[in-house]
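What TrEMBL annotates here:
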type     : residues : note
TRANSMEM : 6-21     : transmembrane segment
TRANSMEM : 41-59    : transmembrane segment
TRANSMEM : 84-113   : transmembrane segment
TRANSMEM : 125-145  : transmembrane segment
TRANSMEM : 165-189  : transmembrane segment
TRANSMEM : 201-221  : transmembrane segment
TRANSMEM : 233-253  : transmembrane segment
TRANSMEM : 265-283  : transmembrane segment
TRANSMEM : 289-311  : transmembrane segment
TRANSMEM : 331-351  : transmembrane segment
TRANSMEM : 363-381  : transmembrane segment
């Protein structure tokens, strides 16, 4: 416990120093303290450390008798062995009320997260509840289907790893569970008119997955323990949502990108989602925990990219949604931190203070890192209308073909979302000293970022990180150039107009073209320096 606590304190200290340095460097310190990331850090620190410490002081020394919360019906248990109907009823009669509380809390947290993801045109509550309930009900189809497969094909866990992966984990578990989870999505898709933007399919797939996870949690929480609550919340629930989202992504691409049914994509992504599900289980069955964590993080990043693609391709797309992201970060941080504390309390009541405290501090590092990953990875999105980003699984650099240590981290770095949500912001521009040609036509001027566009690189591929600026005053360039419009690209996606100053950007100027010419012709004009609209220049 001492080692785990030392690692936890060291990690939080490093994060704290990082935030402190950012705070000192910010030119808008009040606004910095309101950032979702800053508030999330303080929330997790206070809840996990401060409240966690005080909770450890009041927990009972020995575990309490909590049998009063355990519901049991012996007759129902006996009948459940011979009847699917009674087996289903036993899910609700053989429960622990503390487990029901945690299962409901997990459901509410993730359902709220999904609700906030649907920024533009939120779904009807009635249809949302329908998808959730159907997800719960369809869960019970797993019982007869798996029994049929086991009896027909004699499926069982074996000593053969390949058999366990492809037959037991994928065919017997992944395919079956993803099949029953996609049924409510198909009901909503074909029997209602609610699905009119890509994120809707993700939304309903995840609600169905949450319904499935809720029933599954009732079974797991019959024998309660604090660690199982937070583990199911932060791994299993989101894992079910990720798998279900992969399964419907082929439908999303067919319906909203290609505008026609591409059955190869529909089938391929369904098989992919079910295989990912089976892979999770396989790693856990085999005890390959490190591989489980690596795969888990990669697939969460992929899920975030899928969500981002769905948001960017909504017909209701708008750049004016950033405040919701900041609130969502804080909600995620606070919700899971509180869930960690509640799990700590439950564990203390069950096993007593000493064991609960040891377990709490030993696991707090792992779960707080996961909270940080969720706050940064699935609560921040990069807005660009119409952009479909691909998941990059390459491990070799395009410019350096040699395999190196960095190759091992490329999958994570290449699929990290770096939000550049700058459209609508006003700014000021001036020329750097070394750009003599630009200084002749550009003094200190102002403008507004009106759009985000893609421009071609020298290798003919597209670069999606350019911003279109409408200038308040025209440039003094030759007549072949558009005088009131320029394009800039920030040298770093991490720089902020609100907090940083004298930000260096690449500059391109628009060349006039024929009215019927749809190509964007630009000329490179070196670098330009930009600041936020409220930055005060010194004379």
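Note: Cβ is positioned from N, Cα and C throughout, glycine not excepted.
What you see is a predicted model, and the numbers here were worked out from it, not measured in a lab.
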Leading contact stretch, 41-59, 84-113, 233-253, 289-311, 363-381 vs the transmembrane segment (331-351) - CB distance under 8 Å: 41-59
The transmembrane segment (233-253) and the transmembrane segment (165-189) contact flag, 3+ Cβ pairs under 8 angstroms: yes
Winner by Cβ pairs under 8 Å against the transmembrane segment (165-189), considering only 41-59, 201-221, 265-283, 363-381: 265-283
Stretch with greatest number of CB pairs under 8 Å, the transmembrane segment (201-221) reference, 6-21, 41-59, 125-145, 265-283 candidates: 125-145
Spatial neighbours of the transmembrane segment (125-145) far in sequence, C-beta under 8 Å, 6+ residues away: 84, 87-88, 91, 111, 115, 176-177, 179-181, 183-185, 187-188, 192, 194, 203-204, 207-212, 214-216
Positions whose Cβ lies under 8 angstroms from the transmembrane segment (6-21), at least six residues beyond its ends: 37-38, 41, 45, 49, 361, 364-365, 368-369, 372
